[in-house]
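Taken from TrEMBL, the feature domain 'Amino acid transporter transmembrane' covers 77-457. The annotation transmembrane segment is assigned in TrEMBL to 82-101, 107-128, 149-177, 189-208, 215-235, 255-274, 286-312, 332-357, 378-395, 401-425, 437-458.
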Amino acid sequence: MLNARADVATTLPSLQVSELESVDLDSTSDTCSTTSSFSVRVGNDEDLESTKHAGAKALNSPELLHEHAEGSLHLTSDLKTFVNTCIAFLGSGVLGLPYAFRKCGILIGLVTLLGVAAVSTYAMMLVVQCKYKLKRQGKTVTKYGEIGYFAIGHAGSAIVNTALVISQTGFCIAYLIFISTNAHKFLEVSKQLVVSVCVPPLIGFSLLKHMKELAYIAVLADVMCILGLLVVLNIDLSYMELDHDNLETVGIVSSIPFFFGVASYCFEGVGMVLPLENAMQNKRNFMPILVSTVVIITSLYATFGICGYLAFGNDTNAVITLNFEGSDGLATLVKIFLCLGLFFTYPVMLFPVFEVLQPMLVCGNKNELPQNTEKKNIILRAGVVLFTAVIAAYVPDFGRFISFIGSTCCSLLAFILPALFYLRLFRDEPATFRTRLHQLFLCTMMVLGFAMLGAGIVEAFDSIF
């Protein structure tokens, strides 16, 4: 799933479409859930019925509920977990990497990419360690926001959920920017018109409340996007025979914040770590699989970004597909693949947004009639889609926008918060030299995250506005 940075997007590929009995936000029930708990129920009707009968007893025993839920899920193999993680990291941000290398230079860009990949991976490991620290204390954790709650209270879960909502919404806006930019050049119509045409079907998709209804669409989106990226790389290689003057082989230091934002956008996967690890049968193998996946994905990202820059030099556009104008039918086909792939990925990416917003904005009154709740739910979902469309219609630059999202929400989720939560939860560790050194590293990681966040915001606002 391109940019599958959330529970739903990352756990989907591990399940066969026929296994997805029900995934919903409880929006069609008589009462709304008072928590933002995204439920995934897998199995046959008997499994679901037994889950219902166990519900009343489990409500009084969180541990029993957790054990029952784990027993009802089909745990994934190492291979499926590896595939899930690869798909989760293959995001639309890769399309902006060639432009990022043009801005920052090959050497500094490559070092920055490797650094972001390494620190992001370590941050994901910190989140998993926090989970097991809490588990040893008798607390059940399945989501990133819950770690935030146990680390610093309600503020922690609020910060995580807010950042996740903004980042997921930002991903959807980036998709619309990409689609409208390519369609604008190809069809010679305004970007605003393209976005307007996309809105009605996207609202329709957003009203689907079960992941089963989106499962085939999600798989189709994956296939289209992966095929599109492979064709883009093939076209890049064919253009590399051309000579380009003034290639920036070393780098431009002042552009590091921009590249950092794009790279953070590409590797923002901390929200999917716990769902993937929870769904894994051999949990001890998760860390090696995660590291192996990041090594492979980083190699692909570096190859894609550098080849794109070498192919078009200083003419590299913020969206690499715009460099294919006037090319053969293959270039047109890749644009269609990528646009359709991102279009169908859009509704899947909005699921976590509704997961957080619906309990707060729709389900506040338990005595409200179901039909009134449903109307509010429709307004919420349509409103979010319209909001993303308005922003996408007037943001001029795909590359700078994903850098902005990466520098703000992604650096917060992937650099600052994991280090902060770990320091809070492991504050009772013995004060050894190794512990102090590790704490110093985590503090440095947080300072770096804040510095890049601030620099990225300034750079992005100067460029966009």
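Cβ coordinates come from backbone N, Cα and C, glycine included.
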Before we move on, state whether the transmembrane segment (82-101) and the transmembrane segment (401-425) share at least 3 Cβ pairs under 8 Å, counting only pairs 6 or more apart in sequence.
yes
Among 149-177, 215-235, 332-357, 378-395, 401-425, which stretch has the highest count of C-beta pairs below 8 Å with the transmembrane segment (107-128)?
401-425
Under 8 Å Cβ-Cβ from the transmembrane segment (286-312), and at least six residues away from its ends along the same chain, one finds 78, 81-82, 85-86, 89-90, 94, 97-102, 106, 109-110, 113-114, 117, 120-121, 124-125, 128, 229, 232-233, 235-240, 242, 244, 247, 266-267, 273, 276-277, 280, 320, 323
